[in-house]
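Listed features, source TrEMBL:
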type	residues	note
DOMAIN	62-285	domain 'Anoctamin dimerisation'
DOMAIN	288-871	domain 'Anoctamin transmembrane'
TRANSMEM	299-326	transmembrane segment
TRANSMEM	377-397	transmembrane segment
TRANSMEM	460-487	transmembrane segment
TRANSMEM	507-528	transmembrane segment
TRANSMEM	555-573	transmembrane segment
TRANSMEM	672-698	transmembrane segment
TRANSMEM	722-746	transmembrane segment
TRANSMEM	826-847	transmembrane segment
Amino acid sequence: MQMMTRDILLEMDQEEEDDDDGDIVLENLEQTVVSSFGTLESQPDFQTPEFEEFNGKPDSLFFNDGQRRIDFVLVYEDESRKETNKKGSNEKQRRKRRAYESNLICGGLQLEATRSILDDKLVFVKVHAPWEVLCTYAEIMHIKLPLKPNDLKTRTSAFGNFSWFTKVLQVDESIIKPEQEFFTAPFEKNRMNDFYIQDRDTFFNPATRSRIVYFILCRIKYQVRDNVKKFGINKLVSSGIYKAAFPLHDCNFSHKSEDLSCPNERYLLYREWAHPRSIYKKQPLDLIRKYYGEKIGIYFAWLGYYTQMLLLAAVVGVACFLYGYVNQNNCTWSKEVCHPDIGGKIIMCPQCDRLCPFWKLNITCESSKKLCIFDSFGTLVFAVFMGVWVTLFLEFWKRRQAELEYEWDTVELQQEEQPRPEYEARCTHVVINEITQEEERVPFTTWGKCIRITLCASAVLFWILLIIASVIGIIVYRLSVFIVFSAKLPKNFNGTDPIQKYLTPQTATSITASLISFIIIMILNTIYEKVAIMITNFELPRTQTDYENSLTMKMFLFQFVNYYSSCFYIAFFKGKFVGYPGDPVYWLGKYRNEECDPGGCLLELTTQLTIIMGGKAIWNNIQEVLLPWVKNLIGRCRTVSRAEKIAPRWEQDYHLQPMGKLGLFYEYLEMIIQFGFVTLFVASFPLAPLLALVNNILEIRVDAWKMTTQYRRMVPEKAQDIGAWQPIMQGIAILAVVTNAMIIAFTSDMIPRLVYYWSFSVPPYGDHTHYTMEGYINNTLSYFNIADFKNRSKGNPYSGLEKHTTCRYRDFRYPPGHPQEYKHNIYYWHVIAAKLAFIIVMEHIIYSVKFFISYAIPDVSKSTKSKIKREKYLTQKLLHENHLKDVTKNMGVIAERMVEVVDNNLRPKLE
């Protein structure tokens, strides 16, 4: 073997000497395997993958010999059969691929190559990991494997005696049989007899085999250049040397495999999980975890639990909405706006300079009726409820997550994680470990790390400022377009025309600005996704978890500003700093600040949330479902017109869409952004949980459908929890209390109405003899003398207003002629004091309840803690007993040998 390897290396070195673009130096292959991964007990003779003809079995998951299972598939395009043959570039790719495959074989893997039957330029390299390789790397990766069957009862029904009621929702156990549970321990080759090995072919399930092979593929070198190691299948795929690398689906999703030994797990998942007729059933989480790995399993477990909790929030939200809808006809202030003798006779001041006309209050009649639905007492109740609901959701999810950690055997997962290949390749600096006091290699010094962090933070800050700039652009658009819409109002209008009735200047500006804002959000998202990945790659995190957490924080920070900035502007800034008609406030010294409707900006915030949430859901479904389906359809049309059934499994899977490097990252991001809309601004839109519920019910099945039918099988990965998304949700939950309290206080008109009802409707401030809302509109609109207009802000009065000397505007100020004219009156300060008091009281009450709930509900239930301790005790006991048996057996053998030696030495002397 050493002689053959040396000959190959000499041949490749000779080829590289003729390369004008640079020298590629390959290290000794045996040394690479030994130094990087430990010595394998046995290595096969060196060989290159031989081409084999397809055996005609489309459902086969084995090499042509029918014995060795295919654990991974590599795909490349044969350079010699390309139509445009760039000799130099193709030769380099061929040498790198040859070196890589040679190293794989020397690492113990077995390869078999097969040409495509649909496109003879494609070559499929099937990879198989023998028993010795699996055992070696299982020990290196600290993979937990079965010791003995688990006789503890780990799963209990959540409904107790009412389980019959939910039987129709459960997965049929006769179709998807429950998995047998085991006590497990990290695998060790020297303790192989302790493990539950009944059949070597099934001891490592397909998901574990694929994970081990992928671990090897990511760490095999193919080039060393300028003391920089280049290795890993990911780089080879990204550089085009290989076109794809993936594990195989076990069968076709639409029918069972012809191979009787195939478990048909993909078919079962499609039938009981992804098919539309299973939309009402619970998810088969154990089978999802077994087939796709814990990382995908925990995502669907979290999404399912979140959707279940949304059901309660949706019911309460609909109840609050119906309360507002039923009582909208009893809304006194809305009646006053619509009344021809009240709202019809109130002339409002222009809301922009020169071009905007004076207008009658009753043109906002329809919007005031809609506002009564959302700006009601039910909104306050729902905002308080959601503050408690989000805490209950997070705390109960922690308990559910702890149960899954135990059931899926990921309690001590953190000890198993290995450094990323990209990190290991850059480890060129030697430092002293503070704990072990031994030398270790790191990719950069402390000073270099500080520089990288500074550059990354600067890049993230730049993009956030870019988003803020786009928000300012939208504000300028709103100010400009509002002038255009207002200037084009007909001169003779009374608010009864259908178009005037429903499409006011405020409504038209709000809808168009929301649509443009949504388009800009989508464009910036597309650009920043690539930028965030580049920044995180430059940052060079050590482990895959560190990488994903770093990318998660960058992406969420960007998405938070991108999606929520316009909502924050409408909720907390629009209409708050406008001055008064004689002295308005200007943006950039040119654009007059926007004003809210007489009823406030709450309805506009509701419109913004509806457009963004609805548009985002539609766009995501187009991206996630329609595009992969269309791409697969086009791909099938381009292939040779042969029946798909005769194509082998690996070729069928190749023509599916790749899942992407980040896997479920975008799925999590989509749901967390939705979680923010449901919690941060729910006081303005109580139907948000209902929309989220409907979207999530479809999202679960759509994600399941695309994963089982449209995408290649992902490499199974371990995961203990949902990662950085958990603290992000906790941060959103804390912020949601503040935002909803401020929306009720500053965006809605609830506090001013309560102040008027309890204080200003009766003496000494009011004229009524009892508490009432009558006269509220007149009380909240201040007077302005038209003669006091400055030339710049003077309106464009229409015919019929010449006899009016005053107009009204939304504020609490003294009228003209008063000693303190146009200054805030006593009502204003009462309202401000009430708003601040409300925020403080609401925040303290909800935070106190949240703290109590968090304290009262432990993260891990008592029964789960007991099960974890019990299993750990029994596992240690089992290993200890087996160890004692081995020691006793060895001591017995030693004692027999000693007796035999003594007997042999003493017998001659005695004789």
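Any Cβ shown, glycine's included, is placed from N, Cα and C.
Keep in mind that what you see is a predicted model, and the values were worked out from it rather than measured.
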Two-stretch contact, the transmembrane segment (299-326) and the transmembrane segment (826-847), at least three Cβ pairs under 8 Å: no
Beyond the flanks of the transmembrane segment (672-698) by 6 or more, those residues with Cβ under 8 Å of it: 279, 303, 306-307, 310-311, 313-314, 316-318, 320-321, 324, 374, 378-380, 382-383, 386, 390, 556, 559-560, 563-564, 567, 571, 602, 605-606, 609-610, 612-614, 616-617, 621, 725, 728-729, 732-733, 735-736, 739-740, 743-744, 747-748
Same-chain residues at least 6 beyond the ends of the transmembrane segment (826-847) whose Cβ lies under 8 Å from its Cβ atoms: 383-384, 387-388, 737-738, 741-742, 744-746, 751-752, 754-756, 759-760, 765, 779, 811-813
Confidence summary (mean pLDDT) of the domain 'Anoctamin dimerisation' (62-285): 83
